[in-house]
Amino acid sequence: MAELSEEALLSVLPTIRVPKAGDRVHKDECAFSFDTPESEGGLYICMNTFLGFGKQYVERHFNKTGQRVYLHLRRTRRPKEEDPATGTGDPPRKKPTRLAIGVEGGFDLSEEKFELDEDVKIVILPDYLEIARDGLGGLPDIVRDRVTSAVEALLSADSASRKQEVQAWDGEVRQVSKHAFSLKQLDNPARIPPCGWKCSKCDMRENLWLNLTDGSILCGRRYFDGSGGNNHAVEHYRETGYPLAVKLGTITPDGADVYSYDEDDMVLDPSLAEHLSHFGIDMLKMQKTDKTMTELEIDMNQRIGEWELIQESGVPLKPLFGPGYTGIRNLGNSCYLNSVVQVLFSIPDFQRKYVDKLEKIFQNAPTDPTQDFSTQVAKLGHGLLSGEYSKPVPESGDGERVPEQKEVQDGIAPRMFKALIGKGHPEFSTNRQQDAQEFFLHLINMVERNCRSSENPNEVFRFLVEEKIKCLATEKVKYTQRVDYIMQLPVPMDAALNKEELLEYEEKKRQAEEEKMALPELVRAQVPFSSCLEAYGAPEQVDDFWSTALQAKSVAVKTTRFASFPDYLVIQIKKFTFGLDWVPKKLDVSIEMPEELDISQLRGTGLQPGEEELPDIAPPLVTPDEPKGSLGFYGNEDEDSFCSPHFSSPTSPMLDESVIIQLVEMGFPMDACRKAVYYTGNSGAEAAMNWVMSHMDDPDFANPLILPGSSGPGSTSAAADPPPEDCVTTIVSMGFSRDQALKALRATNNSLERAVDWIFSHIDDLDAEAAMDISEGRSAADSISESVPVGPKVRDGPGKYQLFAFISHMGTSTMCGHYVCHIKKEGRWVIYNDQKVCASEKPPKDLGYIYFYQRVAS
């Protein structure tokens, strides 16, 4: 490279900017690749736009924008110097003290075993004229000061990825209890000694809780692995209703573990010192003698013994490197994302859409490619498939690699992709653990939105579901079709093959709990896959079905079949369910999934000769002056049996009052309960509860239900507030017509996010209306010119499949635990466990959560 002259620097001085507080500085990662300052060519940061580029892509940015001046960062690793106290360059990692990631005392994902030397230069394109950071002294003051201030500001600024990580996940953020300032404490309490405590109902001397109302000392809950207590403290709450308890042994002058049984969470008690003094406990003199709940949970998170089967931990695995075997770094509870994208980019359609067309996508990228969906997905696919980042961890300065690094690669860190895919989403924008199935559908939805007028790889998953409802009183039927991407397979636990062993285990477990002994070895239910398939296709009774033939309620049966078979069949095992107390739980079940699968028997037949359809008649409506009780004016848009699909009046038929009341009594908002019954088509309490649990974190969860063609609550008319033009433009840019954009916005009170969701869920109706417009006089050419969609495209073929991938979950809930995936490549199974990519020896095909089957060519 030639040396940078004063004249050259003066020529670009006006374009050099000093980053301000609101600027995003991308100095950790290339916008088009996963190159970093540690890559061989370093990273070039534009000193005007603050975008970062690897050596391969910096000229692309220069040619597109004309920006010439860049800050070149190059970092090289060297081993940490020996610690004088330990005599090693690898000092012991600090034990985490908080159940958190990326905060003081939490799990430190960035802790490395090496230090970095940094080389900083200013480079001017296209001739790559350069000057070192410390070589600016000979320049005129005005030039030196301007360049130096920009360089120092760039180096000291928080990078865009760092700002994203500042949203650190912290499992310890606790709220002040609603009982803290109004807690009732009984008179004349017993004095609590400073030590020597024992449960008043058993012999437990640890995991003890002091009830802050009556001073009872009782043991805590039993944990899922059999450790913990005997549940006496929570049983006492159920008997008395006394809500707050403090864990003995955790009381210090700084605080203690306080649990609210009423709020079902760890809480803060600002009046704790006062509450403890009621029992003669001086908080300032207490010392910690027991583990806090956080420490216990951290211990469980660090123990992976129960996960050995899925991670194949007990078997030496051969690490794999090269194209298609690239690991993905865990960005803090991002294993759900890692597993899903590994599977998607093993499918040829996604490779063709994003990787094969990489150059075209990059060429058409906007000025800021970090905010472009197609660019970031293409970048991710190339990073996974190119092999450029699938190399062993670099050797240290002495030429050796530590043993545990031999099977680990640097892999890629998809920070930009994660930030973009989660932007605006209440869950995926956080660093909390998520459900892989929900993320899969979210990603599918994002792909759908960005492929309106181009090749859509989602077609490999898309299929039509045929639902047949038969009124038992009249024998008349109704057929409907809907689009889906996942086959959700129920688990009939009563079909377990080892019922006797399960009953014996439950009896041994009960005895062990009574006698305070260790729990017996776990016995896992073994359910045949054929039983799951039978349960999926079995008729389902629908009570209180509104029969349009009778114009009255009746009993019906519903059967579900495939109207088409997709190229790739995605099967979700419904392991996560609810107990009788509506508490989420995970079924510990083993299902031997077949390598070869034939579901031809589930092909739908449509209306058969001799079958008579139910009349297409709207049910009676509730008028404003009729009593509505707790229901309001809400109905079901999907089933003609409940209401008309098109609303022209402000009223709609009632929903199942008993289900709504049942949900409200559980503490859920009335409007959310109405929506739950509405969107599940009066299918009963369980279906409505499942909807509630899966939508609790939606920003509009408790907002009133607004039906298409009706005004929102409190508004006079949707037309009174015309849709904003920028929202219309945004929807039109996604490939929809202006009429469709206006209709969607009016149906959702001009909410852009909800309008996009609405338009996708009503695409069939919109297409039908577009076709009607053509038949009423509009020319086909006019229709094509407005890019009217032609409806969801589905592929169909034989129902024979072969297993090619599955995602497994470890843990008791989708909100915690860990995900890995197994993919069959080049005739062998491969396990992808974040950065570790290895040949699989014993793929646990019976313990998966989501399975991916590929159609077998006939």
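Cβ atoms here come from the backbone N, Cα and C positions, even for glycine.
Checked against Swiss-Prot, the residues Ser260, Ser313, Ser334, Ser783 yield a single entry marked phosphoserine: Ser783. Distance between Cα atoms for Thr292 (phosphothreonine) and Tyr259 (substrate binding site): 12 Å, as a whole number. Under a cutoff of 8 A between CB atoms, and with a sequence separation of 6+ in the same chain, the neighbours of Arg222 (substrate binding site) are Gly228, Gly229, Asn230, Asn231, Glu513. Non-local neighbourhood of Cys195 (disulfide bond): Thr289, each in the same chain, at least six residues away, with C-beta under 8 Å from its C-beta. Neighbours of Trp209 (substrate binding site) among the recorded positions Cys199, Cys202, Cys219, His818, defined as a Cα within 10 Å of its Cα, are Cys199, Cys219. Counting every protein chain shown, 30 other Cβ atoms lie within 10 Å of the Cβ of Trp209 (substrate binding site). Using a 10 Å Cβ-Cβ cutoff, His818 (active site, proton acceptor) registers 21 neighbours. Remark: Cys199 (Zn(2+) binding site) has Arg205, Leu208, Ile217, Leu218, Cys219, Gly229, Asn230, His232 as non-local neighbours, by Cβ distance under 8 Å and separation of at least 6 in sequence. Annotation for Ser149 (phosphoserine): spatial neighbours Val18, criterion Cβ-Cβ under 8 Å with sequence separation of six or more.
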